[in-house]
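What TrEMBL says about this one:
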BINDING   GLU174, ARG220, HIS432, ARG472  L-aspartate binding site
BINDING   ARG220, ASP221, GLU222, GLN229, GLU465, GLY517, LEU518, ASP519, ARG520  ATP binding site
DOMAIN    141-538  domain 'Aminoacyl-transfer RNA synthetases class-II family profile'
REGION    198-201  region 'Aspartate'
SITE      HIS31  site 'Important for tRNA non-discrimination'
Amino acid sequence: MIRDVNCGELREKDSGRHVRIAGWVRKIRDHGEIIFIDLWDRYGKTQVFIPSDREELKEKVREIGLEWVVLFEGEVRERPEEMKNRKIPTGGIEVVAERMEVLNRSRVPPFVVGEEIKAGEELRYRYRYLDLRRRRMIKNFEIRHRVMQVVRDYLDRNGFIEVETPYLAKSTPEGARDFIVPSRLHPGKFYALAQSPQIYKQILMVSGFDRYYQFARCFRDEDLRGDRQFEHTQIDIEFSFPEEEDVFNLTEGLMADIFKQVRGIELETPFPRMKYIQSMEKYGTDKPDLRNPLMIEEFTERVKDSPFRVFSSSEYTGGIRVKRILSRRDIQELEERIKKEGGKGVLYLVKEGEYRGSFVKHHPDLDTFGLNDGETLLLISGERKQALTLLGILRNILGEKLGLIQDGFRFVWITRFPLFELDEDENITPCHHIFTMPAVSIEEVRENPTTAEGMQYDLVLNGVELASGSIRNHNPEIQRELFRIMGLSEDEIEERFGFLLEALSLGAPPHGGIAPGLDRLCMLLAGEESIRDVIAFPKTYQGLGLMEGSPSYVHKELLRELHIKVVDDDA
């Protein structure tokens, strides 16, 4: 090795030791007679000292710049007591340099590299290798590495085997747009980058593998935001002959193992369970953050005969009670936020000795709301689903604004989702995916597809959907009928899913599973706000890889080989 110690390992007990230490120059402090250099690498930083009697070495040091890669040889020395930096592990020593070798130069970086980078996101992603060159980011990937180790150990102990499934798959509807890959050998035909290993893992269960997992890379051409990327990694788990409770127990054990070994946190299991409909009615979302103590109360029945038409003409009225008096300015800010989300506004009622609010003159029975002195009630009326969704958003805003979000990690299972929902065009579409076993008879699904429940479940952590799973359809006739309910013709069913139905008809065992998102899990464990901080080379919100310049145009000859012609929309 060029070096025999890294920049984070030397301690006072190493005093007197002769070492070769190499890393990046993070800081230079030239005091004329003496020079100090902070040398950095993944493991930490070490102070290098160039004493006053080493004139030739000082001249060489004055020629180097920040982020140069250099090697120093010298002797480890304990710092004087008043010079020790107890904030870092190496703060009790310094290396007194005898020789320096420049291993590589760096031009002046486009921004100052350090733990707190002030550059904008676009510049950081253009120079992602500099953005990653700091302890916070490297720690995130150490967490990710450790999580993957724990997952493998845990699933191995539980009899699972790791199997890789294809990235190049058949294009099937799974909710998002596919990334399409043209086939050179079969002109006019295309692969799709797998949105998930869903069908492959089900076929592995048909194959008798019994217990399978993989760290599956998934590709989805969807709009990007803080917790989404075109490509993400999920801990994909599937096993045969389970009941829902078996999936819950396995997953809770996995999470307990991860949190204990990675963060030293003991999780309390089992996690609470809540049906989808309960979650929507109490929290206005299927991803509730249980660290927030606020809950939604329904007042529809109590105000249905009100002379105030906003109440009496609405399908639903609900509210959130806060145990403090909100100012008119506070309420105006909340109204503006809700209007940005598509709402018409927020009604309010305050009890401070007497009532005041936006409807006190129009609704005579104010006591019906059960408001205590010193409380504020915020109300939204309208179509039930929209009003609940807006109240869920309002709950999150209030929790943050009023400082009500508690520390810690709060898990909750959300169960019994509807099998189907209506999309923007009023078409029936799967709520999760089409391969979920109904929790009711297929006749009931046929009659009430948007209310019939499925054996599907999400694991939510601090308001983030951490994992999604279900008990799958192993009965080919039920699976075929669900395709029909979704609106697929017999020809479409055979063309898209005939191979799966054939596999299910050849002895498929009952099976089910779950797929925790590795990126989201690592984001939460690391205390980050975006999965992009736990992905080495993420895309921007515009889907760009700024460092390497992707996506990019390709040579016309390659397009010709693939039998592709790019059409100009403006032509």
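Heads up, the Cβ atoms here are built off N, Cα and C, so glycines get one too.
Taking the features listed in TrEMBL, we show where each one sits on the structure.
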| residue | record | DSSP class |
| --- | --- | --- |
| HIS31 | site 'Important for tRNA non-discrimination' | coil |
| ARG220 | L-aspartate binding site | coil |
| HIS432 | L-aspartate binding site | coil |
| GLU465 | ATP binding site | strand |
| ARG472 | L-aspartate binding site | strand |
| LEU518 | ATP binding site | helix |
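There are 14 other Cβ atoms within 10 Å of the Cβ belonging to GLU222 (ATP binding site). Note on proximity: among HIS432, GLU465, ARG472, the binding-site residues of the record, the Cα nearest HIS31 (site 'Important for tRNA non-discrimination') is that of GLU465. Confidence for the region 'Aspartate' (198-201), expressed as mean pLDDT, is 97. Across the structure, ARG520 (ATP binding site) and HIS432 (L-aspartate binding site) are spaced 18 Å apart at their Cα atoms. Rounded to a whole number, the distance between the Cα atoms of ARG220 (L-aspartate binding site) and LEU518 (ATP binding site) is 16 Å. Close to HIS432 (L-aspartate binding site) in the fold, though at least 6 residues off in sequence, lie PHE417, GLY454, GLN456, SER468, SER470, each with a CB less than 8 Å from its CB. Here the CA atom of GLU465 (ATP binding site) lies 17 Å from the CA atom of ARG220 (L-aspartate binding site).
Residue density at ARG220 (L-aspartate binding site): 21 other Cβ atoms are found within 10 A of its Cβ, drawing on all protein chains shown. Cα of ARG472 (L-aspartate binding site) to Cα of GLU465 (ATP binding site): a span of 20 Å.
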